[in-house]
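*Asks:* Annotated active site per TrEMBL: Cys271, His329, Asp352, in sequence order. Look at TrEMBL and you will find Asn392, Asp394, Glu442, Glu447 tagged as Ca(2+) binding site. For 263-355, the entry in TrEMBL reads domain 'Transglutaminase-like'.
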Amino acid sequence: IAAMQPSTNWHLKENARDHHTNKFSSKELIVRRGQAFIVTFNGTEQPEQNLTFIAETGPKPSKLAKTQATFGISSTASKETWSAVLQSTSSNSVSISISSPPNAVIGRYKLSVQSTSSGSSSPASLGTFVLLFNPWSSGDDVFMPNKAECEEYVLEEFGIIFAGNKNHINSFGWNFGQFQGDILNICLSMLDRSLNYRQDPATDVSHRNDPKYLGRVLSAMVNANDDQGVLLGNWSGNYEGGKSPSSWTGSGEILQNWKKSGFKPVRYGQCWVFAAVLTTVLRCLGIPTRTITNFSSAHDADRNLRVDEFYDASGNHLDRTADSIWNFHVWNESWFSRSDLGPSYSGWQVLDATPQEESGGIYQCGPASRNAIKEGDVDLDYDCPFVFAEVNADCMYWNYDPATGKKTLIFSKSTIIGQFISTKAVGRDDRVDVTNDYKYEEGSTKERDIFKKARKKLGLEDKFDPTAPTPQEIDQKPDISGNFKVAGPLEVGKDLNLILVLANLQPDAKTIRVNMTAWSTVYTRRPVHGIWKDSISVTLSPKEEKQFPIKIPYTEYQQQLTTDNMIQVTALCHVEGGIQVLVQRDITLDNPAIDIQVLGEAKVNKEVDVEVIFTNPIDTEVTDCVLQVEGNDLLRGILEIDVPPLKASEKSSTKFKLIPFETGPKHLLVNFSCDKFADIKTFKMVNVID
């Protein structure tokens, strides 16, 4: 056998079809664990009974670490170990069905064959194959009984991510592209670049049978902190030296750039980019995964299940604590069982690759069982207190005087955090609300009981907290109420019209000094540029309600806006003889619309024209217009088209050609930018026929 190098037929087509790996375009066999695959080879002169196979992975394959298996031919496949069953033989070739156990280590394997009868001959290599997780197999930790969910959470390459704020949810398409080009190899090399692998390669590889382990390791690898991972985060509002986080439309470009640069972190990411890339990597490896958006998401830096926000007397939002409330935050859920915690904690697990707080000394987060979060079991692995706070923390709003360092509670709220928790529907482009899977109904006694249980488990109930407000402060009642109403369109390019409504709740007249500010922010509500300020004095007669119109012209905010198109408006009301009242609203402005038309039928290997139409809605010229287009199976790579400047109110039409190369429903993603508008996104489903 050693003298002759056998030639191997991996039956790529049949195996890929049976293993749900036919979307990969690889010349290498890619199969899933716990399931048989066929291989035929020739060059063996021996009777089949004398053949021994060796499957091994990692730098130091060993039987003990389950990174090496040696097995002969048996009459039936084994459920627990690697096994080989003879399919057929001819004069010079053998077909074998090889099965791996459902808990095998995933990754790239080397397969060799050795003849036992001739004694000392060395094994002959049959080549390499890649083994992945298998959500279709009931013995696998990632087994997902619902086939439609397997299709969506493992095989679907297009996703929709929700953003904006709780008053105004918007969404955009994303190309996960987990089966494209070299993505699988990049995902495998990501594992080999982790801190765990660098410290102890053999042990790291032996843990790669466990989705809990890989999920946690990859949540660290997708951010650049600690390990030169994929993406460098930037929340400053200034993205020089890289691409602004909102300009990406898919994970492929990011992962390819990371590899091409010699694995230097790609600039820049924010939460949805980290989450989208982690979705790509986990789906690629076969772990069912989706993105989740949490609106009014708490970042509780000091583990007290409370988020403190500070405002000065003029109503400016001060950046003086690590705590914050983000307009939205995007993380991941992956589906697998939790043998470490018990069956009631299996199912969806929260993973978060955005570098917010260290866990075990590095920026990683999860897996936190979603059931554990809902039940307040914050003492369970991993990072449950942080995730629990993201959806449940109480909010305290304080007035802070920088001169004296004195802080006064304005008000506290326990129902603001964790709203409209959203994900894409299975098989449809709709939003599904999963808030009830994270917590019991806000305001219900059950929800408060769970909150108390979590506080108790974290040791917060018995401990005196000098930073907490007194019961007297919490119980104080304001004399007036206020809110901002929207009066007009919320669109970039149009003036922002709001109404401040103030109502006197008392039977006697009140005099109020109102200090108002508007700041542009990033989506984490970090103030970036002051846009506008004003103050008014108001007298309200008993029980009177008054309205004060506010207008912030486009010309005033246009220069200050971040790519998130977000503005925070605040009114701090100093009521004579009473407590202060804070009125605030986060505004997300919509970009103007952009439209895609496919002109004619899309057929495989036939040219089809696509037209993108954009009308400049403002009364000044827009320049530096660029159109970016991507879509799996519709075009290779990313198409960039420079669009000529557009005069005021001018309509532009940009045409380009596609030659689709696969049938079925495909998604075309478009991103348009110019000097006045950042990253106007849309997508179009294109049904490609034969």
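The count begins at 1 with the first shown residue.
Just so you know, glycine gets a Cβ as well, placed from its N, Cα and C.
Here the structure is a predicted model, which means the values were calculated and not measured.
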*Asks:* Please name the residue among the recorded positions Asp352, Glu442 whose C-beta has the most neighbouring C-beta atoms within 10 angstroms.
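*Replies:* Output for this query is Asp352.
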*Asks:* Of Asp394, Glu447, which of the binding-site residues has the most Cβ neighbours inside 10 Å?
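*Replies:* The largest 10 Å Cβ neighbour count belongs to Asp394.
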*Asks:* At the level of the C-alpha atoms, what whole-angstrom distance separates Asp352 (active site) and His329 (active site)?
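*Replies:* Given the Cα positions, Asp352 (active site) is 10 Å from His329 (active site).
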*Asks:* Looking at Cβ-Cβ distances, which residues of the chain lie under 8 angstroms from Cys271 (active site) while being 6 or more apart from it?
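*Replies:* Expected: Trp326, Phe328, His329, Val330, Trp331, Thr354.
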*Asks:* Applying the rule Cβ within 8 Å of the centroid of the Cβ atoms of Asn392, Asp394, Glu442, Glu447, what extra residues of the same chain belong around the Ca(2+) site?
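*Replies:* Sorted by sequence, the hits are Ser414, Thr415, Ile417, Gly418, Lys439, Arg448, Phe451.
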*Asks:* Let me make sure I understand the structure: which of the recorded positions listed (His329, Asn392) has the fewest other Cβ atoms within 10 A of its Cβ?
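*Replies:* So among His329, Asn392, the recorded positions given, the one with the fewest Cβ atoms within 10 Å is Asn392.
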